[in-house]
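Chemist: What TrEMBL lists as transmembrane segment is B:48-66, B:78-98, B:104-123, B:130-149, B:155-175, B:207-225, B:256-274, B:295-322, B:334-355.
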Amino acid sequence: MTTPVVQARGIVKRYGHVTAIDHSDFELRPGEVLAVIGDNGAGKSSIVKAICGATIPDEGEILIEGKPVKFNSPIEAREMGIEIVYQNLALSPALSIADNMFTGREIRKEGWMGKYLRMLDKPAMEQFARDKLTELGLMTVQSIKQPVETLSGGQRQGVAVARAAAFATKFIIMDEPTAALGVKESRKVLELIQDVRARGIPIILISHNMPHVFEVADRIHIHRLGKRLCTIDPKDYTMSDAVAFMTGAKEPPAQDVA
Amino acid sequence: MSNTSTSAQKGQDFEKTLDQSDTKVASFEVKHHTLLERIQHLLHNNPTLVPVIVLIISLIAFGLIAGGKFFSAFNLSLILQQVSIIGILAAAQSLIILTAGIDLSVAAIMVLMSVVMGNLAVFSGVPSGIAIIIGLAGGVGAGVMNGWFITKVKLPPFITTLGTWSIFYALLLWLSGAQSIRGQDIDAEAPFLKFFGATFNLGGARITLSALLMIVVFVVLWYMLNKTAWGRHVYAIGDDKEAADMSGIRTDRTLLSVYGLAGFVCALAGWASIGRVGSISPQSFYEGNLDSITAVVIGGISLFGGRGSIMGALFGALIVGVFRSGLRLSGVDVLWQVFAIGWLIIIAVAIDQWIRRVSA
């Protein structure tokens with residue numbers, strides 16, 4: 001079997017006497033869309049945060065492409081090529097699309113202007129942003145220089161996804177990317193997810209929306225009471241099965257139990 | 001549901017009718033904009049336009065009211081000279097306000113560092129150049145202290161700088177013994193401290209170096225804010241700190257650098273003020289904090305952070321100077337100057353609120 005992109009074993013995270021993650025495992029395989037579902041408070045966000053460095057687990061080990069890692073912040077994860085699309089977007093409304101795509105990794109001009117005066121290479125950044133948005137079929141915005149606050153919710157999510165897709169080399173985490181969107185905009189984001197997968201970049205999709213999960217996911221990680229309950233193939237089960245496993249109404253089949 | 005590849009193309013069952021749905025929703029609605037809405041949009045995209053227009057209108061108005069003496073090269077250069085110190089302070093204040101903070105201690109840092117420079121150079125026999133470097137470094141230290149309380153102890157900027165205002169003010173009274181350092185003593189011991197008080201002639205106008213310094217400070221900071229990654233981060237933090245954090249900006253480090261830089265600029269203003277005033281007085285510029293905020297606000301920089309250009313603060317400081325000079329030359333009592341500035345502030349903030357309500 002090929003090495004998993006992410007493999008986490010026995011992750012534990014406690015807050016006081018609340019155990020958010022209870023000896024949980026996690027696995028993301030190359031090229032797949034792995035959906036993470038679970039009831040509210042099951043700890044699905046916690047486990048994903050532990051993987052990208054947003055929280056530091058108390059116990060357990062995380063391997064990325066077979067190599068053990070210990071992230072102290074999401075910035076370190078990002079430097080390894082792990083991108084996160086947040087539910088609340090993480091875009092700066094007053095800055096332009098191009099500025100937003102490059103926050104924290106701006107391109108400087110070549111030569112002394114960039115080296116000593118630290119001048120940004122705006123044309124290069126704008127060109128890159130334009131290319132990436134066009135690649136993902138998002139070039140409906142009037143200008144790459146327009147502030148993000150003038151975009152619709154779906155367009156903003158598009159910018160966030162494009163940013164992640166442009167810089168991710170390992171995998172992308174998407175936390176409820178369709179939660180705040182309308183039907184049409186959600187459809188666009190789902191298409192984007194499939195586009196990104198088609199380029200071979202695996203995605204971890206945290207979502208509450210069962211139809212969306214069953215549509216795009218290759219495997220579904222079901223989280224319950226702080227740990228991985230099982231991983232199922234969406235082709236073998238129905239949405240009501242998944243909800244039943246997730247809420248504990250039904251025991252998962254033995255062969256799928258993590 | 002069983003076949004992901006076809007469902008990927010068609011989407012969910014309930015979405016099948018999407019193909020026939022009204023496509024107008026997805027495209028940009030071409031709405032008829034009224035003239036007012038267009039102006040609102042224009043100002044939203046160019047926030048410095050308001051202070052520029054106000055400056056031009058007030059220049060014309062006072063030129064008509066006060067006549068030739070207002071427009072004389074002498075008077076215009078006098079205005080420039082008078083606003084130079086508050087202008088430099090406003091540049092420092094702009095940096096802070098762009099991050100959605102506020103700094104009530106700018107003038108206290110400035111006067112404290114001018115006292116430090118004066119004490120060292122005039123009384124302790126330290127060479128002027130070294131005294132100035134120590135003063136500038138002290139400014140950075142004072143700014144970093146503000147920044148440390150704000151980023152590490154997580155205190156609100158308003159409270160932090162309200163506290164350090166008193167602390168710095170007490171320190172400067174202690175260091176100076178509440179006594180001014182006389183101009184003659186500075187001339188005798190350390191004339192270099194008065195460097196920025198020097199003037200040169202330019203077509204009948206007497207330009208002081210402090211006015212030139214003010215313009216240089218603004219141009220350099222404008223460059224840093226608009227042409228470097230650091231500047232974009234400053235705007236992003238002021239816009240939405242949490243989002244900036246999540247998009248990988250080291251926000252605390254950036255904020256610390258902003259406060260440190262602002263402290264440096266204040267100390268620079270302290271040096272320039274020695275030349276401008278001619279002596280070092282612990283009681284001078286007591287209202288400098290509020291005057292700097294006034295210039296920033298009139299300059300169209302949003303107190304909520306992330307919006308506005310630092311050049312606005314320069315125009316804001318000039319507008320205040322033009323109003324003061326124009327009203328004085330028109331023979332209006334000083335109290336009405338203060339009255340007019342008060343209205344300017346309120347109108348500027350009201351316009352800012354209106355611009356922010358722009359709809360796409």
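Each residue, glycine too, has its Cβ placed from N, Cα and C.
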Chemist: Sort out for me which stretch, of B:48-66, B:104-123, B:155-175, B:207-225, has the most Cβ pairs below 8 angstroms to the transmembrane segment (B:295-322).
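Modeler: The listed stretch sharing the most Cβ pairs with the transmembrane segment (B:295-322) is B:48-66.
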Chemist: With an 8 Å cut-off on Cβ pairs and a sequence gap of 6 or more, do the transmembrane segment (B:78-98) and the transmembrane segment (B:207-225) reach 3 or more such pairs?
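Modeler: Contact confirmed: at least 3 Cβ pairs fall under 8 Å.
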Chemist: Count, for each of B:104-123, B:130-149, B:155-175, B:207-225, the Cβ pairs lying under 8 Å from the transmembrane segment (B:256-274), and report the range with the highest count.
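Modeler: Going through each listed stretch, the top one turns out to be B:130-149.
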Chemist: Rank B:104-123, B:130-149, B:207-225 by Cβ pairs under 8 Å to the transmembrane segment (B:155-175) and hand me the top one.
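Modeler: By the under-8 Å Cβ criterion, the transmembrane segment (B:155-175) pairs most with B:104-123.
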Chemist: Given a Cβ distance threshold of under 8 angstroms, which distant residues of the chain, six or more beyond its ends, lie next to the transmembrane segment (B:207-225)?
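Modeler: Cβ under 8 Å, 6 or more out: 77, 80-81, 83-85, 87-88, 91, 94-95, 98, 195-201, 231, 234-235, 265, 268, 272-273, 275-276, 309-311, 313-314.
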